[in-house]
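**Q** This is the structure I want to talk about, given as structure tokens.
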Amino acid sequence: MTEYKLVVVGAGGVGKSALTIQLIQNHFVDEYDPTIEDSYRKQVVIDGETCLLDILDTAGQEEYSAMRDQYMRTGEGFLCVFAINNSKSFADINLYREQIKRVKDSDDVPMVLVGNKCDLPTRTVDTKQAHELAKSYGIPFIETSAKTRQGVEDAFYTLVREIRQYRMKKLNSNDDGTQGCMGLPCVVM
């Protein structure tokens, strides 16, 4: 069974824990209890493949920012979450993205931009803005509601697909184009 290490990042109060708990336990937690760090595991089938999702739900609060480098090092893919009713959380996405790229020492890291709380009637972040940001980053954008479960599986599963593509690209990339992953020539039949 293939394991995927997913990390949920974003500002405090955007619904990172609510999204994660909705995926794992199928229920909505409406009271706000700031997370320091929680880890969850769930077995799912995505595109016919049985996967083990190892999900790290992180602290959005600034006082825990020192812990970020550590979990960013171990994560394979990142859900970058903002709340559609919180412009500051949207602006903060770039800070998280830059920190991830710095820690991973790569511009090519699997990520999905997630606009949470789409069930709320008032929004301060326009869908078009979010689509444009995601396009400029070259990553998918998905709107979610941890409350109604809209887009929740889609967000996590899309990230798994991004990680799969990244792994395939790494596996198929080589310096001179003739050597396979074991240092031997590959033959496609």
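Every residue, even glycine, has its Cβ placed from backbone N, Cα and C.
These came from Swiss-Prot, pasted as-is:
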BINDING   10-18, 29-30, 57-61, 116-119  GTP binding site
CROSSLNK  Lys170  ubiquitin cross-link
LIPID     Cys181  S-palmitoyl cysteine
LIPID     Cys186  S-farnesyl cysteine
MOD_RES   Ser89  phosphoserine
REGION    166-185  region 'Hypervariable region'
MOTIF     32-40  motif 'Effector region'
**Q** So what sits near Val29 (GTP binding site) in its own chain, CB-to-CB under 8 Å and at least six residues off in sequence?
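**A** Sequence-distant Cβ neighbours: Ser17, Ala18, Ile21, Ala146.
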**Q** Three states by DSSP: which one describes Gly10 (GTP binding site)?
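**A** DSSP assigns Gly10 (GTP binding site) to strand.
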**Q** Measure from the Cβ of Lys16 (GTP binding site) and count the other Cβ atoms within 10 Å, all protein chains considered.
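**A** Excluding its own Cβ, the number within 10 Å is 26.
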**Q** In the three-state scheme derived from DSSP, which category covers Cys118 (GTP binding site)?
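**A** Looking at the DSSP assignment, Cys118 (GTP binding site) belongs to neither helix nor strand, so coil.
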**Q** Determine, to the nearest whole angstrom, how far the Cα atom of Thr58 (GTP binding site) is from the Cα atom of the residue listed as 'phosphoserine'.
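**A** Rounded to a whole number, the Cα-Cα distance is 15 Å.
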**Q** Whole-number Å only: compute the distance from the Cα of Gly10 (GTP binding site) to the Cα of Ser89 (phosphoserine).
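**A** Cα of Gly10 (GTP binding site) to Cα of Ser89 (phosphoserine) measures 7 Å after rounding.
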